[in-house]
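What follows is a short report on a single structure.
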Amino acid sequence: MFSFNDTYDAIANTRLHPWVEGFKKAVHKRMADYTHGNISQWIELIKKLPDITPDQIDITNKVSIGSRSQLSDTEFEQLEHLLKQFHPWRKGPYHLFGQHIDTEWRSDWKWDRIKNHISPLDDKIVLDVGCGNGYHCWRMAAQNPKLVLGIDPSQLFLMQFAIMQKYLSDYPVHYLPIGLEYMPQNLDRQGFDTIFSMGVLYHRRSPIDHILHLKNLLKPGGELVLETLVVDGEDDQCLIPRDRYAQMNNVWFIPTTGMLKNWMRKCGLEDVQVANVSTTSTEEQRATDWMTFQSLEHYLDPQDKNLTIEGYPAPKRAFMVARKPLQKKA
Ligand SMILES: Nc1ncnc2c1ncn2[C@@H]1O[C@H](C[S@+](CC[C@H]([NH3+])C(=O)[O-])CC(=O)[O-])[C@@H](O)[C@H]1O
């Protein structure tokens, strides 16, 4: 079985310590729900990763671990074969001993869009909600935080995270395989300094409750970085897809940036800023050798790339940055 003891110890060393037992219960419950037949096979595969110390690590400009020269040709091929058993690789890219894991998403582009709009993360306690395989958590770690905690319910992404963590265990980055609903309801003064919620809000049936929960997990004065799908339009407009949106069957609310600002202010956040808006291109999200299923190109109208296959506006994403007030409003 997978051990999270290092994660619990890391959390216990911060002001989040009263919540360790709650996290343990949540993970226990979540692991009991795991039904994926591959999990024990994946754990065995991870044990077969090269047992060598990387001669270089770069998490500042990309996530790059070790060099090609550290492996023989046979070991290099074996590594590729092993890593491909963790298909699909969605978030990245990663460079592991010269293996370029060319993921479906250029998650580095997303990071480049926001990194200059956030407060510095040094010595901060950071939460990344819906962190996928943890790509952005490693990029956050380059800023010397006290702790980065990534949470995501996916078993496969936990395994992909564990692959990188084998070589990056000196960084204070930890992962719990839980959804936001397993987190405490309110942390107040013990809360996180910065919370990222990227690519999650539109999957939530109740976006206001999601934002409120994030706010309640921040300490007073803490920063929320929220990225989600948006549509063009007036401040009081929001798209609720009839059925699928870009073939995703779990998309609920796609607001305009004006509507999103309104939601965030209504939840009691202040200094709400639109940091970036960008249309997702088929260069940013595409099928590769490491994610061979269909991707964005197949979800767009073949006659008009400005529309999804269902006739909605093509995916556009906004980054919002906001602050929890220092004082509770009277
Ligand atoms: N209840 C939940 N609680 C937490 N996470 C969840 C939940 N439900 C699903 N997820 C997770 O939320 C992630 C959404 S992807 C964003 C990844 C990264 N943040 C990115 O910005 O690249 C979507 C995208 O690519 O836009 C998935 O990893 C889910 O498992």
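Cβ coordinates are placed from backbone N, Cα and C, and glycine is handled just like the others.
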Lys91, Trp105, Lys110, Gly130, Asp152, Pro153, Ser154, Leu180, Glu181, Met198, Tyr202 bind carboxy-S-adenosyl-L-methionine per TrEMBL; candidate in Arg15, Arg317 listed for that same site: Arg317
Proximal but sequence-remote residues of the same chain as Lys91 (carboxy-S-adenosyl-L-methionine binding site) (Cβ under 8 Å, at least 6 apart): Thr103, Glu104, Trp105, Ser107, Gly132, Asn133, Tyr135, His136, Phe157
Where Lys110 (carboxy-S-adenosyl-L-methionine binding site) sits in the secondary structure, as DSSP reduces it to three classes: helix
Per DSSP, three-state class assigned to Glu181 (carboxy-S-adenosyl-L-methionine binding site): helix
